[in-house]
Amino acid sequence: MSEHASKLYPAPEALARAAHVPGMAAYEKLVAEAREDYEGYWSRLARELVSWKKPFTKALDQSNAPFFKWFEDGTLNVSYNCLDKNVEAGLGDKTAIIFEADDGKVTKVSYKALLDKTCQMANALKAQGVKKGDRVVIYMSMSVEGVVAMQACARIGATHSVVFGGFSAQSLRDRIEDARAVMVITADEQLRGGKQLPLKAIVDEAIGLGGCDSIKSVIVYKRTGGNIAWTAGRDQWMHELTAQQSTTCEPEWVSAEHPLFLLYTSGSTGKPKGVQHSTGGYLLMAALTTKWTFDLKPDDIFWCTADIGWVTGHTYIAYGPLALGATEIVFEGVPTYPDAGRFWKMIQDHKVSIFYTAPTAIRSLIKAAESNEAVHPKKYDLSSLRILGSVGEPINPAAWEWYHEHVGGGRCPIVDTFWQTETGGHMITPLPGATPLVPGSCTLPFPGIDAAVVDETGKDVPWGQGGILVVKKPWPSMIRTIWGDPERFKKSYYPADFQGKYYLAGDGAIRDEKTGYFTITGRIDDVLNVSGHRMGTMEIESALVSCTDLVAEAAVVGRPDETTGEAICAFVVLKRPRPTGDEAKAIAKQLRDWVGKEIGPIAKPKDIRFGDNLPKTRSGKIMRRLLRSVAKGEAVTQDTSTLENPAILDQLGQAY
Ligand code: 6R9
């Protein structure tokens with residue numbers, strides 16, 4: 001057997017027989033159906049998976065490409081599809097959400113209760129003057145209330161923009177200002193790993209920074225009861241507002257193209273982009289990918305460990321599982337508290353059958369399990385698991401094997417799902433009852449997704465040869481535009497290089513010579529992936545140089561990191577003589593704190609290196625390729641003949 005063949009994991013037979021997509025022949029059939037009648041294929045699924053108030057008459061409108069429209073004359077409501085529809089189908093008493101708090105306290109919420117809460121919240125939003133099309137920023141911890149806030153916005157046709165609770169006041173302010181949001185929904189504090197962390201105080205700070213005049217009210221969920229400041233007239237307690245509200249609220253029936261949400265993500269410039277998603281096409285893919293990729297069945301207990309602040313938490317917590325009437329876990333805490341066995345204990349306690357997490361989490365839990373037997377997954381009963389998933393970054397084969405063997409007991413397929421904030425749902429992924437798995441490969445496109453690997457001119461490259469990942473045909477849940485910046489949308493995703501025809505993912509990929517399986521080789525732009533979180537190098541650079549008292553110039557690159565995938569390395573020129581020793585350490589700390597304040601803790605550079613200046617070509621360009629070698633600790637083998645000041649390479653050798 002060749003090395004390749006020995007690494008193939010076929011779909012377990014029993015699972016394959018009963019799966020939604022049972023075997024490769026079934027997969028191929030769907031692929032063929034989409035190839036032969038693309039619009040017919042998506043229309044069929046859109047009718048099967050989505051309830052329409054008014055049926056659509058046309059699937060895809062390409063008349064204003066690349067601003068594609070799907071199912072545009074159809075009307076629907078996402079919250080109706082996630083809640084009312086299930087209650088009407090007799091699932092009112094079924095548990096929708098099992099919420100486990102940081103301290104382990106468990107609360108179960110039925111579909112009926114979730115619908116009631118959502119209607120009360122929706123009515124409260126309306127009473128505050130929020131209207132269809134208004135933007136509402138949600139800056140919340142992982143909570144039932146966070147999901148309710150999202151569903152309530154959807155119910156009244158308001159467009160939500162969830163901002164991850166780890167972002168700083170400055171980042172929050174920028175997003176509020178860009179979206180011109182009318183309201184912020186937040187909590188007094190969040191609880192993570194036994195610690196009380198501020199949320200409301202950061203909202204106050206963000207609004208205090210100015211530029212947020214669009215905000216009329218701040219709704220506060222009382223989570224900890226901690227001390228917070230209060231602005232009378234603007235701030236309102238969520239429980240007080242909702243208590244008086246009716247538990248019925250007629251859904252706002254919107255066009256399929258109505259913007260359901262904005263989600264800001266990093267790009268290759270300093271300014272995050274507000275990715276705008278639709279209602280109908282997005283809901284279709286959220287439901288369909290949840291169903292097929294995880295082979296979701298009525299009795300499954302589904303757990304996606306992502307935060308609702310990221311796209312994974314949108315599609316696979318707030319929308320997909322609920323649209324299918326599933327029971328899902330919402331977890332407030334962190335994987336290492338009270339110890340690194342928390343995930344395994346929760347799988348055991350709640351009999352989780354589908355578990356979806358990130359490679360970073362797996363790698364850090366491997367480390368923990370290797371140094372402490374007590375938190376090794378073998379100490380727990382994980383026999384309820386049937387399917388495992390991975391998302392956010394490439395999963396290295398060693399982590400894959402460990403996940404497969406120690407968490408999945410060798411019996412659970414791992415779906416390595418490649419997708420992006422912009423794609424709305426899975427793009428390239430195995431289907432558990434069909435696709436034979438190869439560790440480290442996200443395998444084949446989801447049926448109907450026309451993914452390809454091309455060269456700079458847009459020509460397909462042969463299998464076995466690396467290139468640029470593109471999607472050739474528009475798909476229902478694709479990004480519609482960048483909020484307020486259609487030109488940037490075109491430039492970023494439909495560049496002239498491909499005559500504006502193909503969607504550019506921003507990742508490199510290679511297809512296996514024999515199987516055609518895709519492996520993602522990483523970003524080809526200036527975006528880093530740190531613990532599965534996207535960070536723009538330019539964003540961190542501009543945060544550093546905004547420390548004008550200290551920093552003259554900065555360049556940021558990534559280097560591989562065993563646990564976080566990539567680590568952020570900053571090269572900094574100060575406005576004072578280059579520091580060394582303790583002084584350098586102290587300034588490095590100061591700069592990290594600064595970046596933490598400007599963007600958020602996830603953006604803090606791991607390494608900071610100081611130079612008298614940065615390596616530049618004679619024409620003044622920073623030699624980033626060379627900086628990447630320095631960051632990796634590699635000997636510099638590149639041609640340095642164009643380097644203006646070779647001596648500084650020595651200075652940059654020391655990281656603080
Ligand atoms: C869902 C999500 C998107 C970027 C993407 C790519 C990387 C995500 C991956 C993966 C390899 C996978 N990425 N999943 N790389 N294998 N299974 O993570 O969205 O935060 O927008 O990040 O993440 O580089 O371009 P987002």
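Heads up, the Cβ atoms here are built off N, Cα and C, so glycines get one too.
All TrEMBL annotations are machine predictions without curation.
Taken from TrEMBL as is:
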type: DOMAIN; residues: 27-82; note: domain 'Acetyl-coenzyme A synthetase N-terminal'
type: DOMAIN; residues: 91-475; note: domain 'AMP-dependent synthetase/ligase'
type: BINDING; residues: Arg192, Gly193, Gly194, Lys195, Thr312, Ser531; note: CoA binding site
type: BINDING; residues: Gly392, Glu393, Pro394, Asp416, Thr417, Phe418, Trp419, Gln420, Thr421, Asp507, Arg523, Arg534; note: ATP binding site
type: DOMAIN; residues: 539-621; note: domain 'AMP-binding enzyme C-terminal'
type: BINDING; residues: Val545, Val551; note: Mg(2+) binding site
type: MOD_RES; residues: Lys621; note: N6-acetyllysine
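Shown here: features listed in TrEMBL, placed on the structure.
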residue	record	Cβ contacts under 8 Å, 6 or more apart
Arg192	CoA binding site	Asp102, Ser141, Glu332, Gly333, Val334, Tyr337
Gly193	CoA binding site	Asp102, Gly333, Val334, Thr336, Tyr337
Gly194	CoA binding site	Asp102, Asp103, Tyr337, Pro338
Lys195	CoA binding site	none
Thr312	CoA binding site	Cys304, Ala306, Tyr356, Val391, Gly392
Arg523	ATP binding site	Gly506, Asp507, Gly508, Asn529
Ser531	CoA binding site	Ala358, Thr360, Gly392, Glu393, Thr563, Thr564, Gly565, Ile602
Val545	Mg(2+) binding site	Val551, Ala552, Glu553, Ala554
Lys621	N6-acetyllysine	none
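Remark: Thr417 (ATP binding site) has Thr293, Tyr356, Gly389, Ser390, Val391, His426, Ile428, Thr429, Cys442 as non-local neighbours, by Cβ distance under 8 Å and separation of at least 6 in sequence. For ligand 1, the binding-site residues lying close by, meaning a CB under 6 A from one of its atoms, are Gly392, Arg523; the full candidate list was Lys195, Gly392, Arg523. Averaged across the domain 'AMP-dependent synthetase/ligase' (91-475), pLDDT for the predicted model comes to 97.
In the domain 'AMP-binding enzyme C-terminal' (539-621), the DSSP tally of helix, strand and coil residues is 28 helix, 27 strand, 28 coil.
Taken residue by residue, the domain 'Acetyl-coenzyme A synthetase N-terminal' (27-82) breaks down under DSSP into 27 helix, 7 strand, 22 coil.
Its Cβ placed at the centre, Pro394 (ATP binding site) has 21 other Cβ atoms within 10 Å. Residues within less than 8 Å, Cβ to Cβ, of Trp419 (ATP binding site) and separated from it by at least 6 positions along the same chain comprise Val391, Gly425, His426, Met427, Ile428, Thr429. The CoA site in the record is lined by Arg192, Gly193, Gly194, Lys195, Thr312, Ser531, and its two most distant CA atoms lie 24 Å apart. Around Gly392 (ATP binding site), taking its Cβ as the centre, 23 other Cβ atoms fall within 10 Å, counting all chains. Here Thr421 (ATP binding site) comes close to Leu263, Thr265, Val275, Trp310, Val311, Ile479, Arg534: these same-chain residues lie at least six apart in sequence, with C-beta atoms under 8 angstroms from its C-beta. Other Cβ atoms within 10 Å of the Cβ of Val551 (Mg(2+) binding site), summed over all protein chains shown, number 20. Within the set Gly392, Glu393, Pro394, Asp416, Thr417, Phe418, Trp419, Gln420, Thr421, Asp507, Arg523, Arg534 that the record links to ATP, no two Cα atoms are more than 18 Å apart, and one pair reaches that distance.
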